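For reference, Swiss-Prot has these:
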- C161-C185: disulfide bond (DISULFID)
- C175-C236: disulfide bond (DISULFID)
- C227-C240: disulfide bond (DISULFID)
- C333-C454: disulfide bond (DISULFID)
- C365-C375: disulfide bond (DISULFID)
- C448-C458: disulfide bond (DISULFID)
- C528-C539: disulfide bond (DISULFID)
- N110: N-linked glycosylation site (CARBOHYD)
- N139: N-linked glycosylation site (CARBOHYD)
- N267: N-linked glycosylation site (CARBOHYD)
- N504: N-linked glycosylation site (CARBOHYD)
- 223-228: region 'Involved in neuraminidase activity' (REGION)
- 1-20: topological domain 'Intravirion' (TOPO_DOM)
- 42-565: topological domain 'Virion surface' (TOPO_DOM)
- 21-41: transmembrane segment (TRANSMEM)
Amino acid sequence: MVAEDAPVRGTCRVLFRTTTLIFLCTLLALSISILYESLIIQKQIMSQAGSTGSNFRLGSITDLLNNILSVANQIIYNSAVALPLQLDTLESTLLTAIKSLQTSDKLEQNCSWGAALINDNRYINGINQFYFSIAEGRNLTLGPLLNIPSFIPTATTPEGCTRIPSFSLTKTHWCYTHNVILNGCQDHVSSNQFVSMGIIEPTSAGFPSFRTLKTLYLSDGVNRKSCSISTVPGGCMMYCFVSTQPERDDYLSTAPPEQRIIIMYYNDTIVERIINPPGVLDVWATLNPGTGSGVYYLGWVLFPTYGGVIKDTSLWNNQANKYFIPQMVAALCSQNQATQVQNAKSSYYSSWFGNRMIQSGILACPLQQDLTNECLILPFSNDQVLMGAEGRLYMYGDSVYYYQRSNSWWPMTMLYKVTITFTNGQPSAISAQNVPTQQVPRPGTGDCSATNRCPGFCLKGVYADAWLLTNPSSTSTFGSEATFTGSYLNAATQRINPTMYIANNTQIISSQQFGSSGQEAAYGHTTCFRDTGSVMVYCIYIIELSSSLLGQFQIVPFIRQVTLS
């Protein structure tokens, strides 16, 4: 219930503050008008009866204006400071009370203790925020690894494989999923899906642990792939596609694979729907979830998506000649401007994938059970983002951000602030603003290695999202200084040396490599949160690590504290 009200509360704040600004502008106009009239009256009185009476009347008018301005200042303080603090306090109090009611009382005689799907109140108000100022971001370090029980199961045979994790966290709870392959790591033949939900609780040592309250194992013969998960009020929503052919064959097809939405509630209710978003058939050859988590926003669940667009369709023609070159490239690439533009334009089209245009976007679904034709596809404009790739959506306060995997020629971490336009209560368009950075590189081969800085066609890279620790909007120029954390593979061409880091736009500030040199790894997901009791910031780094004992990969959650030095 609280998660549903949070976006509405944010909208009400905006409306209230807008009304307040209009009221203040009206007061200012009236004040200027009164002052102007008083000056005219003063001149008339001075010319007729001297200055004594006029000074008295002017003083009365000045007192009146001071009273008006005093009221206006109080309104500004209440709307900008007092009211938001009161709302946050009330929300925290309500969530804490709900958790207390559901965990401290037995339902009836001899019943077991209840278990509410609500994080411990130490963390409720420390989730999905920017945690440090711009100045503090320059002095952050990674703490040591903290020993917690893993909430992620591993393969139990040498032939098995667990891959493609997706993790989502909100004020109330977390959701997690990964793919389970019984033999090898190729997911296009047969695989199952593990899903869990739970809460964050403190340990006796003071740091957090992740308690699993519900699990689900989807093993019904349906080959769900690349699933992206999002927390929703009371449970989890998951977006998957179904395919039993290699990725290249998906792109060479003329009809997109089956798209599915699965809603799992804490009360064991499960709803699964095959969705048919308008504008997909005959436009997209394939449409894939971004694997990274989605977000719940203004009554809609948003998921990252990408795929191949068919030539000469309306979407293809609308994106023609559009391209995006990150801001940092100008000082780092030796190509002339014309060559950069030409290569950047061609980077969105892949001959390997049947000359499809590789496009990123957002799948938006209302939170309801009848989803067959209700979900919408919102493509990004290609003059704002790079070639389509896996991705993740974040909520920082009321703002939506997007991570795009660096599959294309620019090997650095790609983060964007997203603006979503609503028309008649539905999301109708999206735009993206890039956070400029020349860190942190991903590995690739040939001309697409971690050292590449110039536009060209690439289809490389690895998923390695990052968490913003400072607000890019806090600087006079958006994103001119931003600090973020994550994990990356510290090598130019190979998927080896998993390393957790803190970085800003131009340099890595702090880093810790896991394992010995040459340790193989793959995908990495990072999420941070704050313990509002101790004011400590913790980050969970979920990394796919190669294993010589059980399966080709094991998915391991690492927790570290981010400290201000």
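Quick reminder: no glycine exception, Cβ is built from N, Cα and C everywhere.
Keep in mind it's a predicted model, so treat the numbers as computed, not measured.
What Swiss-Prot annotates, mapped onto the structure for a quick look.
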| residue | record | DSSP class |
| --- | --- | --- |
| N139 | N-linked glycosylation site | coil |
| C185 | disulfide bond | coil |
| C236 | disulfide bond | strand |
| N267 | N-linked glycosylation site | coil |
| C333 | disulfide bond | coil |
| C365 | disulfide bond | strand |
| C375 | disulfide bond | coil |
| C448 | disulfide bond | helix |
| C454 | disulfide bond | coil |
| C539 | disulfide bond | strand |
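Separation of the C-alpha atoms of C185 (disulfide bond) and C227 (disulfide bond): 15 Å, rounded to the nearest whole number. C236 (disulfide bond) counts 24 other C-beta atoms within 10 Å of its own C-beta, drawing on all protein chains shown.
Considering only the recorded positions C175, N267, C539, C333 (disulfide bond) has C539 as its nearest partner by CA-CA distance. Around the Cβ of C528 (disulfide bond), the number of neighbouring Cβ atoms within 10 Å comes to 24. Confidence over the region 'Involved in neuraminidase activity' (223-228), given as mean pLDDT on the 0 to 100 scale, stands at 97.
The disulfide-bonded residues examined here are C175, C185, C240, C375; by Cβ neighbour count within 10 Å, the least packed of them is C185.
If you measure from the Cα atom of N267 (N-linked glycosylation site) to that of C236 (disulfide bond), you get 11 Å. The residues of the region 'Involved in neuraminidase activity' (223-228), classed with DSSP into helix (H, G, I), strand (E, B) and coil, number 0 helix, 5 strand, 1 coil. For the disulfide-bonded residues C227, C454, the largest tally of other C-beta atoms within 10 A is found at C227. In sequence order, L564, S565 make up the list of same-chain residues 6 or more apart from N139 (N-linked glycosylation site) whose Cβ falls under 8 Å from its Cβ. DSSP assigns C175 (disulfide bond) to a strand segment in the three-state reduction. Comparing C375 (disulfide bond) with C240 (disulfide bond), their Cα atoms are 13 Å apart once rounded.
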